[in-house]
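> Just dropping this structure here.
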Amino acid sequence: MQLSMQMAVSAKTPTVSSCHSDLSNSLHHNQISQTINFLVSSRSCKLSLQKKHKISVVSTDSIDTRDPNSVICDLCLRGNLEQALIQLTAMKKLRLSVEEETYITVIDLCERKRAEPQGRQVYILIKNSTTQLSIKLGNSLLSMFVRLGNLVEAWYVFGKMSERNVFSWNVLIGGYAKAGYFDEALNLYHRMLWAGILPDVYTFPSILRTCGAIPDLLRGREVHLHVLRFGFESDTDVNNSLITMYVKCGDVYSARLVFDKMPVKDTISWNAMISGYFENDKCLEGLNLFLDMLNHSVAPDLMTMTSVISACEFIGDERLGKTLQGYATKHEYRKDVSIDNSLIQLYSSLGSWEEAEKIFTRITSKDVVSWTSMISGYENNSQPEKALEVYKNMRKDHVAPDEITLASVISACASLQLLDIGIELHEFAKKTGLISYTIVANSLIDLYSKCKLIDKGIEVFQHITNKNVISWTSIILGLKINNRSLEALTFFRKMKLTSTPNSVTLISILSACGKIGALMAGKEIHAYTLRAGLACSGSKYLPNALLDMYTKCGKMDTALIQFNSQHKDITSWNILLNGYAQRGKGKEAIELFNKMVKESVKPDGVTFISLLCACGRSGMVEKGLEYFNIMTENYNLAPNLKHYACVVDLLGRNGKLEEAYSFIKKMDIKPDIAIFGALLNSCRIYSWVDLGEIAARRIYEMNEKDQSAGYYTLLCNFYSDIGRFDEVGRLKRVMREKGVTVDPGCSWVEVKGSVHAFLSGDKNYPQEKEIKGVLNGFYEKMGEKEYGVDDDCKDEVLCGHSERLAIGFGLINTAPGMPIRVTKNLYMCEKCHDLVKFISKVVRREIGVRDIECFHVFKDGLCSCGDVGFKPKGLK
């Protein structure tokens, strides 16, 4: 380290006084490039300079006769830490005596300036000169290191202290507590008692906050006993800490006992108790206490008012909120922006947008919370367009967003699927460092999932340092909605190694299990919910998710057990009704509906969609039409486009094509593409070319806007069936030009608890030779030309035939007689349907195949669907 020093030289002797040079008037650093070596005698210092070095010698007029320790203390008083350290280092090099007070003064300055490197430098100087630290010096170092967050050095200092007083223990306990090392803080407190050090008024607030933060009510009560034993039960600060501890531990009753016994209550006491009630969902008690506070002539402060206004938001009391707003405007804190921010959150949560916007507009100095309150308010109330508009104005006003702002705006982009803006926000988050906040990363995962860029979402997820349950749930749900449910299961299993799933996670993964027919995985999750006590936690969503999973996995018997054991709402009944509809069990669906009405459960629109589908697939045309009529007459439910599409399918699927077309023409609302799709599918089944072409033209016109791959494939399939291959070629060219892609056929089969996926056209799959051998055996028996897998088959686009591979795999890897359950993402074509019927008869097994529309259960050469939806035998 370069050192410059102004030396005062005596006229009579070449020696320099060891303590009378003014170190504060030293030369500039660039005047001396090397270290000056000093040889110090008992009374004087002889100066020896190397020849290559230069030094400026000033006149004796600049001599400062003060002690170097005083000079350093003076520099510290002026806040000149850099010069103070230079002088201190110089004294150590000269082996001059540094007083303890000098060290303490420099340490205090380091602490005030949050100068950790300089603080460590001073500590090294002290360590090199002493093995034991006095109480005063040790406490100063402790305070500095704790304030700087360096608990390792603080612990080392604590160990080197020859003696410790209550301040020493308090500082270290507070440091550990503030850093979140609660167990260590509590252990230190008990060690302090064992060491015979009596706690003081500063000890208890720190240790009680620790008990509340864990929370640990038992140890908190123990500390309360210590408060009484050591005579601090009358101290207001200690009692305030006791109240806070109890409410954090959920014991509001004990907190109120402490509050009521307090001889002196300050505003903090009232605030702690009032907010404690709110935190424990006892808003009415908190509001009553607020009124008591006013009756006792205790003036509420800013914290009181914001807390009470937030409580109004929780209980949804707009009238009380307006009363508090009027009270706030009459007092000194009326101009504080935090009051307005709380009011914005209150009114926006209650949907009173005019009031919220009025308050927002009148704020002259809007802070980031003001803008964020409006943005998140709009986003949470399904108004993402307005949320984005407010964000743009915020940026124009040059207010920098925080992590909550950014997360809300990204969520708005996700709702609107505005990928371009979302990517810009992602880049902004990376530049500003806000990407490090988990809440921002979680919002980005949601954005990319909804915009069908799940790989980008996975990339964001992998870079999250502190993944929380929302991070895992977001990626699991994202994979599920992007048709990658098998990967969602993999992520869920990884999650359980580090995090505890919540009910939302479990609902998401159960939905994924149902989507791919992962019954064993679903059962494992069901067992997990029972072990964790979540199945009976009072949430209606999780039991319904279990019911839906069993229904989709083909276990109607288990689904009925689940249905009868849970609290039933309208969703529960609809799930079971839909299960019967998918299986074409109209009779069972009607029985369930009658039971539902008998139990005074009012049906909704979804109920009648399931009923109409069940009747259509069971050939119960008249019954279906009856339900369509009573829907309006008995339950005052106006039919929507989905109901009309179900009626068209009901009529058309059962050969009543003219009635179906007549029904469409008489509709009160304009028919959509799904209605003509139902008509076209029926025309395909019954080879009704003229009406089919009318429906096809309407679908093509509507699909020009929607660009749905499903309807293009339906058109291709229709034209293939009637031999119009020129139209098929034209449609495929249009699809290529417009970038319309069709999802490849994929089927999943669960074997011994593991789910295996098979893609159509995939030439590299497990046990390829064995599967081909099994399937070829069936093809030969049925006629190879008719049933072989042909990539140019007219059904390839719509079906994919991937279920054949999955069934082959299941036959090879399961015991004879065991049922096989397959789930696929496309429709099942007629040839595959006939093939699986034949296989079920030959191998004498039950084979379940759930396609995009129906659940087929094959047994002894028959299908549970009754071949409804396929060309009637004998019809060409």
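Even glycines carry a Cβ here, placed using N, Cα and C.
All TrEMBL annotations are machine predictions without curation.
The feature domain 'DYW' is assigned by TrEMBL to 786-867. The annotation repeat 'PPR' is assigned in TrEMBL to 165-199, 266-300, 367-401, 569-603, 604-634.
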> Do any residues of this chain, six or more beyond the ends of the repeat 'PPR' (165-199), have a C-beta under 8 angstroms from a C-beta of it, and if so which?
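Distant Cβ neighbours of the repeat 'PPR' (165-199) are 135, 138-139, 142-143, 145-146, 149, 151, 154-155, 158, 206-207, 209-211, 213-214, 216, 219, 223, 226, 230.
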> Using DSSP, how many residues in the repeat 'PPR' (367-401) fall into helix, strand and coil?
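Reading the DSSP string over the repeat 'PPR' (367-401) gives 26 helix, 0 strand, 9 coil.
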> Under an 8 Å Cβ to Cβ limit, what residues of the same chain, 6 or more beyond the ends of the repeat 'PPR' (569-603), are close to it?
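Residues packing against the repeat 'PPR' (569-603) from afar: 540, 543-544, 547-548, 551-552, 556, 559-560, 563, 610-611, 613-615, 617-620, 623, 635, 637, 850, 853-855, 857, 864-866, 868.
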> Roughly where does the repeat 'PPR' (569-603) sit in mean pLDDT, to the nearest integer?
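A mean pLDDT of 94 is what the model gives the repeat 'PPR' (569-603).
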